[in-house]
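Peer 1: Grabbed the feature section from TrEMBL, which reads as follows:
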- CYS98, HIS140, HIS144: Fe cation binding site (BINDING)
- GLU141: active site (ACT_SITE)
Amino acid sequence: MSILKTLQEPNPILRETAEPVKPENGSFLHLKNLCTDMRQTMKVLNGIGIAASQVGESKRIFLVDKQSFLDIDLPSDIFINPKLIKKSFKRVVGEEGCLSVRGIFGTVKRALAVTVEAYDLNNKKFRLSGKGLLARVLQHETDHLEGKLFIDRADPDSLHVYIKEENDE
Ligand SMILES: [Zn+2]
């Protein structure tokens, strides 16, 4: 297991449309190790989601932090080739940050609820519906796969710098 380097805006890899994962090419072991390292990296950086492009792999994969959603029975914390198949009309404003835009936060209007279809590490298809914070994370991470960052969608007036102080929690 290792902690991966997270790319920072304006690294061009963050702006690429990520490639679909094809189980027949590329090694399963590489995929498994990548996901393990991404999970570890997300935990160390206190992220609640991480996309493969953020660690330099332009692949359609993201992970969601299970610990942040203990009340939800996530079928998998690994989302391979995910697709947003449903989005509520109702949208809500909420604050976001990103491991690739370190120190910047801002508010983004997103669908209140979404349904995602994806594959787990065993190539088993699953469906997950979420609302609130989970829906927000699923949309934020799906955006990464299209080369979009939350700062593109954020209300420009809401963007602000927050530097964590030593004596903060
Ligand atoms: Zn992000």
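Backbone N, Cα and C atoms are what each Cβ position is placed from, and that goes for glycine too.
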Peer 1: If you count, for each of the binding-site residues HIS140, HIS144, the other Cβ atoms lying within 10 Å of its Cβ, which residue has the minimum?
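Peer 2: Each of the binding-site residues HIS140, HIS144 was scored by Cβ atoms within 10 Å; lowest is HIS140.
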Peer 1: What is the set of residues, excluding CYS98, HIS140, HIS144, whose C-beta falls within 8 angstroms of the centroid of the C-beta atoms at the Fe cation site?
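Peer 2: Along the chain, the qualifying residues are GLY49, ALA51, GLN54, GLU96, LEU99, SER100, GLU141, ASP143, LYS148, LEU149, PHE150.
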Peer 1: Using DSSP with the three-state reduction, classify CYS98 (Fe cation binding site) as helix, strand or coil.
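Peer 2: For CYS98 (Fe cation binding site) - judged by DSSP and reduced to three states - the answer is coil.
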